[in-house]
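A.B. asks: Before we start, here is the structure in question, set down as structure tokens.
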Amino acid sequence: MEKVIKIEGGHRLSGTVTISGSKNATVALIPACVLANQPVTIYGVPNISDVRSLMVLLQELNVDVEETEPGTLYIDPRNMKNIPMVSEAVTKLRASYYFMGALLGKFGHAEIRMPGGCYLGPRPIDLHLKGFEALGARINYENGCYILHADELIGTNIFLDISSVGATINIMMAAVYAKGRTIIENAAREPEIIDIATLLNKMGARIHGMGTSTITIDGVEDLKGCIHEIIPDRIEAATYIIIGAAVGDDMRVENVIPQHLDAIIMKLKEIGIKMEVGSDFIHIFGQHEQLKPTEILTKPYPGFATDVQQPFSVLLTQAHGQSTVTETIYTERFKHCDELRKMGADIDVRIPSAFIHGKTPLYGTRVKATDLRCGAALVVAGLMAQGVTEIHDIYHIDRGYDDLDGKLKKLGAKLWREEV
Ligand SMILES: CC(=O)N[C@H]1[C@@H](OP(=O)(O)OP(=O)(O)OC[C@H]2O[C@@H](n3ccc(=O)[nH]c3=O)[C@H](O)[C@@H]2O)O[C@H](CO)[C@@H](O)[C@@H]1O
Ligand SMILES: C=C(OP(=O)(O)O)C(=O)O
């Protein structure tokens, strides 16, 4: 027996949806909290399975973690024990690898098995490991487990060959207690990185330059507790804006930082979506004229986010003519195209690009969420399709979308979960 999401398509949506705290910030903020020597409270925590997996991992490390009210986590690492992280929970998400940087930074020692997360093609962690080594760590890989050890971490200059989000955050966490100054060059500039650095600075870290490609970390001796509110999820926001563009009559997406969505807003306007961009909301006006095709090239922030490419592609099936989506981050991130084809889309994939020929009607059928944003794409497609779409492997979707069903139902969508 498996739980699936069923969506009856063809209903127009309207009303307001409120965006939750950023998944990709949260999953790094939680491991970052163990660097403190006193309790930390974080607000705006999304109710997603990645957070529940991280709570299990904290408990295994004997960290006191409590959801004091919905969306608020109290994390007290004072009785923490640095035991090897080999449980199943590590493999449930990508971000468990942030415990490498956090534990290495705090204790000079970390043992952890290979993380999980979406399969988007190969996802090496060589840049994380090279960064730790540059700070003075020795790394062994034994029985499926990374063992990182340093008698002392010493600040140094680290140039990232690729501006990796994960490597930037992991190195930042390892370096907060290092002796002297660490400079990360070609650092990633994603808003989530600013959020993690802000949390660490509230604790007493000395990090500068976050949000630029040069981040400087001056090591400190102690990190205290603090309170922190997570930034809104720009990928969840983009997903609902795309839903508004696809099937909305008049939809308002609230709790967004529009600046984080500049590249996506530009593309939506380019294909013919009409919207008002407010200070912390985006209003999508319904019923657009014939959509125009476009070309998308995914890029690190502030470029077009790879995580949005998949749901955006669904919208492009409704544009008149050929659109091209080219991946420069994860060149194999096109599994959603196979599923969309089952629903009637006309898409050729020649890696690293997908060629989408529109406009084609979409029909409900049985499809599989092969990864998180493929799942999001199938939800968008299901809302647009004629008939009922049955989405399998929905655990991927639940990793990253807080109260998806509730939010969509409030907007007038017809969807439900069923054991099949
Ligand atoms: C939890 C989280 O925040 N996940 C996001 C994060 O993933 P993640 O942090 O894993 O992605 P990275 O920014 O590290 O990856 C960018 C590129 O660098 C490559 N690379 C990365 C590290 C490394 O050591 N070696 C290497 O070659 C990757 O294969 C990829 O081609 O950023 C991705 C790119 O915006 C998003 O799709 C994910 O949603
Ligand atoms: C790929 C993603 O997540 P993760 O890195 O956690 O697998 C995503 O959020 O689209």
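Glycine too: its Cβ is placed from the backbone N, Cα and C atoms.
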A.B. asks: For the UDP-N-acetyl-alpha-D-glucosamine site, TrEMBL lists ARG123, PRO124, ILE125, ASP126, LEU127, ASP307, ILE329; sort out which one of ARG78, ARG94, ARG350, ARG366 goes with them.
C.D. replies: ARG94
A.B. asks: In whole Å, how far is CYS118 (2-(S-cysteinyl)pyruvic acid O-phosphothioketal) from ILE125 (UDP-N-acetyl-alpha-D-glucosamine binding site) when you measure between their Cα atoms?
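C.D. replies: Checking the Cα atoms of ILE125 (UDP-N-acetyl-alpha-D-glucosamine binding site) and CYS118 (2-(S-cysteinyl)pyruvic acid O-phosphothioketal) gives a distance of 14 Å.
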A.B. asks: Would you count the other CB atoms within 10 A of the CB of CYS118 (2-(S-cysteinyl)pyruvic acid O-phosphothioketal), including those on all shown protein chains?
C.D. replies: 22
